[in-house]
Amino acid sequence: MTTTTKYIFVTGGVTSSLGKGIIAASLAKLLQAQGYRTTIQKLDPYINVDPGTLNPYEHGECYVTDDGAETDLDLGHYERFLNVPTSQANNVTTGRIYQSVIDKERRGEFLGKTVQVIPHITDEIKERVQKLGNSGDYDIVITEIGGTVGDIESLPYIEAVRQLRWDLGDNNGLVIHLTLVPYLSAAGELKTKPTQHSVKTLMESGVMADILVCRTEHELPMDLRKKLALFCNVREEAVIQSIDASTIYDVPNLMLKQGLDTVVLKKLGLQSHQPNLTRWNEFLKRHKNPKTEVTIGLIGKYVELQDSYKSILEAFIHAGAENEVKVHVEPIHSEYLNADNIHAKLSHLNGILVAPGFGERGIEGKIDAVKYVRENKMPFFGICLGMQMAVIEFARNVLNLKDANSTEMDAKTANPVIGLMESQKDITEKGGTMRLGSWSCNLKPNSIAHKVYKSNTIEERHRHRFEFNNTYKDQIEASGMIATGINPETNLVEIVEVSDHPWFVGVQYHPEYKSTVANPHPLFVAFVKAALKHKNKNKRATMA
Ligand code: GLN
């Protein structure tokens with residue numbers, strides 16, 4: 001096989017949640033910063049065709065790409081680190097692999113052969129891995145294998161890696177194995193045995209790790225690195241520690257310091273240079289040296305889980321750095337909010353963001369929160385369901401349509417200010433059938449959105465079924481909630497603003513998916529700025 005693209009496989013051992021995605025993204029950043037066109041792909045060994053049907057308690061946020069793929073949240077890290085859009089090709093699940101193989105079987109493409117895990121499933125996996133490389137767009141493809149080696153469901157992936165390493169030849173591929181080196185406080189010692197066993201498990205499948213990245217809470221001393229190298233068949237310089245960092249954005253520099261990029265490039269027969277991390281380090285400097293702080297209430301129903309609103313939390317980090325402000329995000333459970341406790345729960349905040357979501361639970365609390373901030377002129381940012389709640393609140397309390405609702409929550413409401421599009425009405429399948437991916441939107445001159453984006457037309461990513469009901473548009477606009485962003489093809493309302501308010505913006509799309517370190521999202525940047533202004537105004541008012 002001749003190839004110009006180089007392939008890096010990242011596997012994990014000992015336990016899950018070691019941060020394979022962050023290591024893959026950090027390495028990709030270092031390679032990109034040396035001029036190598038790099039992309040990252042995630043292979044997920046579960047049977048769902050995509051994570052779109054998984055609830056956030058199971059799998060955290062579902063990340064959406066420009067081409068409308070519902071994907072694993074690690075793709076969000078890839079985009080935030082690299083500032084390059086990903087696509088459906090960057091996330092493949094076992095469900096998708098099997099679906100494709102079974103479809104081929106039904107079409108008779110296997111010409112009467114018995115269809116088997118090896119070679120048919122493994123061939124399909126190999127094809128998906130090489131699809132990005134064969135596009136000619138990348139010098140290096142990093143493939144992260146989800147799960148932990150030794151899992152039954154990971155086996156076909158590890159086998160595909162074994163075959164690919166063989167097919168690609170020595171200098172064209174390598175394996176990075178991420179493990180845990182636990183610290184036993186009773187013994188006062190770091191332990192290498194789990195890593196040794198994990199490498200052995202990998203070897204049983206015929207895969208040799210070229211590089212070990214060891215997650216640890218304490219510095220790995222030299223003798224321990226030597227021991228790991230000796231027992232695990234890797235060079236000493238290829239034993240890299242991944243020590244707990246105060247921010248994930250420190251990890252590229254931590255990897256650079258230990259030469260992970262140099263070891264990788266040497267093994268792949270590529271030149272290494274000094275990576276250009278100027279923009280990255282400027283961001284880090286601003287992130288770590290805020291001049292002041294603001295507190296934003298994040299109102300949602302999964303707020304106890306860090307991963308459910310991953311992209312929103314990261315977008316606040318980018319926007320905070322841009323404003324040189326530390327953004328404290330205060331999670332507020334919408335289910336426990338009501339008219340009686342709303343003042344106590346929200347009055348100290350400098351702004352609120354009402355989160356995306358599905359279903360009825362917690363929506364009345366969200367509506368109460370919107371009412372409070374609209375009336376008290378506190379900055380408001382509503383995303384997707386958050387925007388829909390803003391429209392419902394306005395219809396109920398300003399237009400006096402007391403039963404206004406979304407047909408998602410009340411199919412029989414007399415005032416469906418949020419409803420299903422015609423094209424959605426006959427859809428019965430849940431997977432991949434929402435309005436997904438990138439859509440354009442025209443902005444109304446002089447609106448907040450127009451000033452913030454500094455553009456007449458924008459492209460943003462969607463993931464929802466329900467929409468602003470245009471039958472109510474004139475009535476709503478006449479009372480002061482203005483549709484400031486309209487989809488030019490469908491006429492759907494994508495942005496609403498309340499005119500008599502310093503910063504009240506609801507968006508039907510998900511701006512958080514497009515915020516990156518290099519390009520913080522302008523709406524998040526402007527919202528943080530508005531929150532700061534609100535804080536300073538309140539401070540002046542209390543001093544006066
Ligand atoms: N549940 C709403 C809809 O489907 C909003 C979805 C979301 O917030 N992503 O339209």
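Including glycine, each Cβ sits where the backbone N, Cα and C put it.
Cβ contacts within 10 Å of Ile152 (CTP binding site), excluding its own Cβ and spanning all protein chains shown: 8. Marked as CTP binding site by TrEMBL: Ser16, Asp151, Ile152, Glu153, Lys191, Thr192, Lys193, Pro194, Thr195, Gln196, Lys227.
The UTP binding site feature in TrEMBL is assigned to Ser16, Lys191, Thr192, Lys193, Pro194, Thr195, Gln196, Lys227. A simple way to gauge crowding: the CB of Lys227 (CTP binding site) has 16 other CB atoms within 10 angstroms, across all the protein chains here.
As annotated by TrEMBL, ATP binding site applies to Ser17, Leu18, Gly19, Lys20, Gly21, Ile22, Asp74, Ala245. In the shown protein chains, 25 other C-beta atoms lie within 10 A of the C-beta of Lys20 (ATP binding site).
In the three-state DSSP scheme, Met387 (L-glutamine binding site) is classed as helix. Counting every protein chain shown, the number of other Cβ atoms lying within 10 Å of the Cβ of Met387 (L-glutamine binding site) is 26. Per TrEMBL, L-glutamine binding site is recorded for Tyr57, Gly357, Leu385, Gly386, Met387, Gln388, Glu408, Arg465.
Taken as a whole, the domain 'Glutamine amidotransferase' (305-529) shows an average pLDDT of 95 in this prediction. The domain 'Glutamine amidotransferase' annotation in TrEMBL covers 305-529.
In this view, Cys384 (active site, nucleophile) is surrounded by 23 other Cβ atoms within 10 Å of its Cβ, with every protein chain counted. Positions annotated as active site, nucleophile by TrEMBL: Cys384.
In three-state terms derived from DSSP, His510 (active site) belongs to neither a helical nor a strand segment and is classed as coil. According to TrEMBL, the feature active site maps to His510 (among others).
Taken from TrEMBL, the feature active site covers Glu512 (among others). When other Cβ atoms within 10 Å of the Cβ of Glu512 (active site) are tallied across all protein chains shown, the result is 28.
The separation of Ser16 (CTP binding site) from Asp74 (ATP binding site), Cα to Cα, is 14 Å. Sequence-distant neighbours of Thr195 (CTP binding site) (same chain, 6+ residues apart, CB-CB distance under 8 A): Gly13, Val14, Thr179, Leu180, Val181, Leu212, Cys214, Leu228, Cys232. Under 8 Å, Cβ to Cβ, and six or more positions away along its own chain, Glu408 (L-glutamine binding site) finds Phe358, Gly359, Glu360, Ile418, Arg465, Phe466.
According to DSSP, Lys227 (CTP binding site) sits within a helical segment. A Cβ distance below 6 Å to any atom of ligand 1 is met, among the recorded positions Lys20, Pro194, Cys384, by Cys384. With every protein chain in view, the residue among the binding-site residues Leu18, Ile22, Ala245, Leu385 whose Cβ has the most Cβ partners within 10 Å turns out to be Leu385. Here Gly357 (L-glutamine binding site) comes close to Gly300, Lys301, Tyr302, Cys384, Leu385: these same-chain residues lie at least six apart in sequence, with C-beta atoms under 8 angstroms from its C-beta.
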